[in-house]
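Visitor: Structure in structure tokens, see below.
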């Protein structure tokens, strides 16, 4: 499936604030949650609904709810945690399935070190969240893991994506829809997205940077 770049004015504005070199941990963290919530709105527009009856103030009324099992949100640790609250603000009943993936800084290859999945994940839509889609290694490893667990419908949301990473994921898993706030220019020689956001994990957790 082709990657969807969501160019909503609010997303563009907030993403511009996140790109500031002098942004504080507090502001980056809040903006990551806000953009995560806006992307969630876009990524869930086609969820199936079912009708049921309730007692309203003036009698019986037909209302709608999301059909079937609710979503499981899959943050890729550690940076994916920074988007989690924004997603859960719209889907508070979602299960959370955490996946830990680390990237070798020399080879840029990803390996999985943690998986805590919802026990019925094979019956749920899995929504992967990670601020950055750079080389695509972490995303592919996570999707591989979810499919091995029996997950049949998977979507991914990232704040910023590199064309190289998109190509890797789309080639490995053409059935997975990716939603992003921005498709950036390229990867640099160190595997970082340009212009990107810097190290999103460090900015979310306040490590290796001066807090403004």
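Placement of Cβ uses the backbone N, Cα and C atoms for every residue, glycine included.
Model, not experiment: these values are computed from the prediction.
These came from Swiss-Prot, pasted as-is:
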| type | residues | note |
| --- | --- | --- |
| BINDING | 78, 103, 130, 131, 132, 133, 134, 135, 136, 137, 138, 199 | 5-phospho-alpha-D-ribose 1-diphosphate binding site |
| BINDING | 193, 198, 199, 200 | uracil binding site |
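So where do these features actually land, and what's packed around them?
Guide: For residue 78 (5-phospho-alpha-D-ribose 1-diphosphate binding site), the same-chain residues that are 6 or more apart in sequence and have a Cβ closer than 8 Å to its Cβ are 100, 201, 204, 205. DSSP assigns residue 78 (5-phospho-alpha-D-ribose 1-diphosphate binding site) to coil, not to a helix or a strand.
In the three-state DSSP scheme, residue 200 (uracil binding site) falls into the helix class.
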Visitor: Sort residue 138 (5-phospho-alpha-D-ribose 1-diphosphate binding site) into helix, strand or coil using the DSSP assignment.
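Guide: For residue 138 (5-phospho-alpha-D-ribose 1-diphosphate binding site) - judged by DSSP and reduced to three states - the answer is helix.
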Visitor: In the same chain, outside 193, 198, 199, 200, whose C-beta lies within 8 angstroms of the Cβ mean position for the uracil site?
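Guide: Going along the sequence, the neighbours appear as 131, 132, 160, 192, 196, 197, 201, 202, 203.
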Visitor: Which chain-mates of residue 130 (5-phospho-alpha-D-ribose 1-diphosphate binding site) that are at least 6 residues away have a CB under 8 A from its CB, listed by sequence?
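Guide: Same-chain residues close to residue 130 (5-phospho-alpha-D-ribose 1-diphosphate binding site) (Cβ under 8 Å, separated by 6 or more) are 75, 76, 79, 80, 83, 138, 139, 142, 156, 157, 158.
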Visitor: Let me spell it out: for each of the binding-site residues (136, 198), count the other Cβ atoms within 10 Å of that residue's Cβ, using every protein chain shown. Which one has the most?
Guide: 136
Visitor: Could you round the CA separation between residue 132 (5-phospho-alpha-D-ribose 1-diphosphate binding site) and residue 193 (uracil binding site) to a whole angstrom and send it over?
Guide: 8
Visitor: Hey, how far is residue 200 (uracil binding site) from residue 134 (5-phospho-alpha-D-ribose 1-diphosphate binding site), Cα to Cα, in Å?
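Guide: Between the alpha carbons of residue 200 (uracil binding site) and residue 134 (5-phospho-alpha-D-ribose 1-diphosphate binding site) there are 12 Å.
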